[in-house]
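> If you scroll down you'll find the structure; I have some questions about it.
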Amino acid sequence: MDLEKKPVVSDVGAWAMNVVSSVGIIMANKQLMSPNGYGFSFATTLTGFHFTVTALVGWVSNATGLSASKYVPFWELFWFSVVANLSITGMNLSLLLNSVGFYQISKLSIIPVVCFMEFLLHSKHYSQRVIVAVAVVALGVGICTVTDVDINAKGLLCACVAVFCTSLQQITIGSFQKKYSIGSFELLSKTAPVQAVSLLLVGPFADYYLNHRSLLEYPFSSGATAFIILSCSLAVFCNMSQYLCIGRFSATSFQVLGHMKTVCVLILGWVLFDSALTVKNILGMLLAVLGMVVYSWAVEHEKQAKSATHISAEIKSEGEDIKLLKEKVNGLPASDLESAQTKS
């Protein structure tokens, strides 16, 4: 699947796949990990299972010829996996050590950090419209998710590591696809095995530190096993759509429009799990959706402006070429012009 080929999944399809699979995996994990469900509180190890299944799907795809394997240096895959795993572990530790309110604030801070890092690494500039839209989205999601805010030194450190590594990981996904001319699924097939091995090795120890429970002591019932398989299946689509969306758009767009998942989770939590949905939540969700609409319009407006500028520059360049050609023709002696006409 080369980047030049016509995409199998449309842009809307990629976003829809990401929203549906992400919301689905959150709902499945809530049932799997909650004390009222199956009590499987081994989040880091579960992520290792996710990447193991994703790596297996990638291997089968390569073996059957559905996708092509492209070369990416192992050291690039290794440091990317380290950053990605620090992102996962940092988020889990941040949720453990901080209040839910501060955890949500740290997740919202990923958006401005991604914008700043894209400016530093790729000299990317943002219009005032885009900046205002991003602020509106962050404000809306903050209103409907942030409640209590309690900060401590260890939790703040873990949150900073998680935010930095998440931002760097998402920017790197797009950079790798351009640098190595590799498709989203091919890149995922390369990174997933390294992440799977490292998370399966580190995960049980990290989870024991977080929960003081050993994976070996967990009673794997048929229901818990079924939800683990469901979670892993949804993770394949979630990971694939994440690489697709970031590759086609940007890490910033993925973060901003990705908060639609937060809105969906709040609504489904109210419908399926009888979670409280207050006027404050509803107003926050409406503000977030408004910000997403404005952001989409602002990005599209920038694309059209750049396209118009590019076309204008091409027309100007062609006009200059014609002018130079006329000047050269007018500067030729009459004998040369007659000779050229005779040859033609």
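Every residue, even glycine, has its Cβ placed from backbone N, Cα and C.
Remember, it's a predicted structure, so these values are computed and weren't measured experimentally.
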> Looking at 38-60, 176-198, which one does TrEMBL call transmembrane segment?
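Going through 38-60, 176-198 one by one, TrEMBL gives transmembrane segment for 38-60.
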> To the transmembrane segment (101-121), which of 12-32, 38-60, 218-237, 249-273, 279-298 is linked by the most Cβ pairs under 8 Å?
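Selected stretch: 249-273, with the most Cβ pairs under 8 Å.
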